[in-house]
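S.K.: Structure below; questions to follow.
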Amino acid sequence: MNMIQNILRVILGSKFERDLKKLIPIVGQINSLEKEMKETSDSLLSSQTQKFRERIARGESLDSILPEAFATVREVSLRTMGMRHFDVQMMGGIALHRGNIAEMKTGEGKTLTSTLAVYLNSLAGKGVHVVTVNDYLAKRDANWMKPIYDFLGISVGVIQHDMDHEQRKIAYSADITYGTNNEFGFDYLRDNMVSHKDHKVQRSHFFAIVDEVDSILIDEARTPLIISGSSDETTDKYVRINKIIPKLVAIEDFEVDEKARNVLLSEKGVSHVEEILGIENLYAPENVDLVHHVHQALKAHKIFQKDVDYVVQNGEVIIVDEFTGRLMAGRRYSDGLHQALEAKESVTIAKESQTLASITFQNYFRMYDKLAGMTGTADTEAEEFRKIYDLDVIVIPPNVSVRRKDSPDRVYRTEKEKFDAILAEIRELQSKKQPVLVGTISIEKSEILSKMLSSAGIQHNVLNAKFHEREAEIVANAGKPGAVTIATNMAGRGTDIVLGGAQLYKENLETWKDDDDLVRRFKESILKQELDNAELLIREMDSSVKQKRASEILESVKIWKKNHEDVLVAGGLHILGTERHEARRIDNQLRGRSGRQGDPGSSRFYLSLQDDLMRIFGSDRISGLMKWANMPEGQEIESKMVSNAIARAQKRVEGHNFDIRKHLLEYDDVMNRQRIVIYKMRNEVLENEDISSLILSFIEEAVENQIVAHCEGNNPSSWNLDSLKEWLEGLELNLEINEEDFKKTKNPQLALFEKVNAAAKQKYEDRAESIGKDIWKLLERNIFLDILDHRWKEHLYSMDHLREGIWTVGYSERNPLVEYKLQGFRMFDVAIENLKNEVVNFLFRVEVSENSKLPEERREYKKVGQEVTGGFQELSSGTPSPTVTVTTSSGGGTERKTSRRRKR
């Protein structure tokens, strides 16, 4: 197979080469327009947007205007921000517009690149979403690129976590909306819980560009977005089960599977749990919930580690993001795991939540007509992007070749030997004033290393979830001569580490608002690094205040320049990895912090055989080799065999994690199909003022089901007319039905259906007429939405419990996923049937009194027994309207009986 691939590569070129060949001619077309754009006045350039929109309205495609649109953005960027898009950024923009992932190295200007595709697609008028990993980056990028969009007459909105409903609606109505993946996802869920179409904030899902796409679509893919409310279940069970765990003995009672991050009870362990709890059979059907919580408690104690997976702050268990090391305040583990951790740490246990709405990032982002992404590290996950999202990864070459030197890993036998070697390396780097970024995989490891450095008298900064408030300051100083910065994973990602430290003088220039020509020329000289000229301009200034401020800025530039030169001489930023991550991509992200835009830099990873990756997934051959070589303590090993073993271990873990994400998606796809049906039905009700045709179809179906259930066949003597009459009375529909009348007909069952259906429809129309058609329309929509939301909430709860216990079917050699699909479909079918029946029952029995008010918005019905009472506020027109009392019939929704269709 490899031979064939090599032959094809020689004939066709590599994928990288083929991709570039497709992009280069288009970049040539864009460049050919540059001279024309430079000669265009500001007013004509800003009018391009309207011209493009008119051409699109006439049927021209976005592809056909791409060269002109991209050339326009490049010229506007140069005029407004002094930044000209490089050719490689043009390539990135084309890749994004075509719905691909553009892999661009750190420092290559992904934010500026995105403006090309964002502007072009915004011309369609359907809204473009730019997705970032946090609020800070969303706001920063929007404000940073806003001058380009303002010049071109394109509106920009930003979604922030603390925004209210109206602010969000305004932001989404803009041509371009920046925000985080969480905010976009939660707003979608909330939009499908509103009571009026005007209360929705999002428009269509037309085009999205996801920044740090690997972080959002892969790292966070295992975490669904959930809107929940507290359930009525007690938290006592968590305390009770938590007390069991210390009594269980490892190996005898349970086995820890570190690879799968799971704990399995042995037969002896099952017996032990049964004995402690005083039950006969732990795996009896009624104990499925108990088994689930025992397993969650075991995981909480044996898999999840404090200061690695979570921290305890102010009496709360807070999740630590395994990929960035950031605290995820407000996020909770689902399925009772978070409660198990709270019980373990003896803090207040929050009630387990009940799902009201949920979606995974996979299914949310797959809704977009076109999806694109940017990152510095996507190629190692190209298969997953292609299979799950139908996204191709296009590797964009750097504008300036990477000069960073990546040294081979150094492997030690023990963690102590590794840390001793790291300490020695940091000492040496600091002695020659080379800044070093030390990457760790957990808060715990970062604090161990910090204590060692403090004991050795080495000044350093720590950037982890516990010190996130100082993140910007720490990252700003990480490039200073001799700076030592310890960071968990990719904390600080999204902010470049500048060699020599942050260029604070640029902020001073921006905040200095003065129209004086000398001040303007001074600023230009500083930005061009023409320091001698800047000094001359200071002497010409007529104000001592201005001279003082300018001198301070010039001095800070000189200090930064000296620091910058010292770091360049020392070799640039050095990356010191203290452990390999499970994914090669995360290691590459750490390395990518150094060597930006052609800067010098270096990197090396220090490993030990006690590291989790080596211990759990590594080969025993490495350990055997080091013992065989009789290596003295502290001696490292560098060999191709070791490097290959590490790469194989990482590939195994990546494959394992991909399987987990794929498996989760297969389960969520079941819910997604159901979600689509419910949301489509909900939107149909929101979009249409008159839903009478939908209600009439429900009535017809309800009548049909009752007749099939009680009056099957064409022999009236065998019919159960009493049960049918009881159902009709429940609808307050008094209808004379005599079996003798139907014996004379050609098709008795059809004749019965037509009579009952006609009477039911007439009753419905009479009710609408008596209450008033306008009030009735609003009333039936409100009632429909209330019942729909209630039934959907109940169904989600049932599906959660089904999923928790579905694994038990594996004991009878049935496929849990297949069984989940089958049972989930049956449950959904019943939920829809119950919804239709309940809507019909409510509408036939609703009572409306005079001199009260009907709301513009529905309010939730409060159920007491079988009565539902809702008090209404007022119509938007101010018309007085009634209080509504709704009583359901005792014949509520039941499981649908399988039946043949009636004959007509």
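Cβ atoms here come from the backbone N, Cα and C positions, even for glycine.
Below are the features I grabbed from Swiss-Prot:
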type	residues	note
BINDING	Gln89, Gly107, Glu108, Gly109, Lys110, Thr111, Asp496	ATP binding site
COMPBIAS	876-889	compositional bias 'Low complexity'
REGION	870-904	region 'Disordered'
S.K.: Select the most exposed residue of Gly107, Gly109, where exposure means the fewest other Cβ atoms within 10 Å, treating these as the binding-site residues.
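M.R.: With the binding-site residues Gly107, Gly109, fewest surrounding Cβ atoms within 10 Å: Gly109.
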S.K.: Show, in sequence order, which residues other than Gln89, Gly107, Glu108, Gly109, Lys110, Thr111, Asp496 on the same chain lie with their Cβ within 8 Å of the centre of the Cβ atoms of the ATP site.
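M.R.: For the ATP site the neighbour list reads Met104, Thr106, Leu112, Thr113.
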S.K.: Cβ atoms within 10 Å, counted per site: which of Gln89, Thr111 has the most, among these binding-site residues?
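M.R.: Within the set of binding-site residues, the most crowded position is Gln89.
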S.K.: Which ones in the same chain are close to Lys110 (ATP binding site), with CB under 8 Å and 6+ residues apart in sequence?
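M.R.: Set apart from Lys110 (ATP binding site) by at least 6 residues yet with Cβ under 8 Å, we have Gly92, Ala102, Met104, Asp211, Met374, Thr375, Gly376.
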S.K.: With ATP as the bound species and Gln89, Gly107, Glu108, Gly109, Lys110, Thr111, Asp496 as its recorded binding residues, calculate the greatest Cα-Cα distance and give it in Å as a whole number.
M.R.: 18
S.K.: Other than its own, how many Cβ atoms are within 10 Å of the Cβ belonging to Glu108 (ATP binding site)?
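M.R.: The answer is 23.
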S.K.: Measuring CB to CB from Asp496 (ATP binding site), give everything in the same chain under 8 Å that is also at least six residues away in sequence.
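M.R.: Looking at Cβ-Cβ distances below 8 Å from Asp496 (ATP binding site), excluding near sequence neighbours, one finds Thr106, Gly107, Arg596.
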S.K.: Once the DSSP letters are reduced so that anything not helix or strand counts as coil, what is Asp496 (ATP binding site)?
M.R.: coil
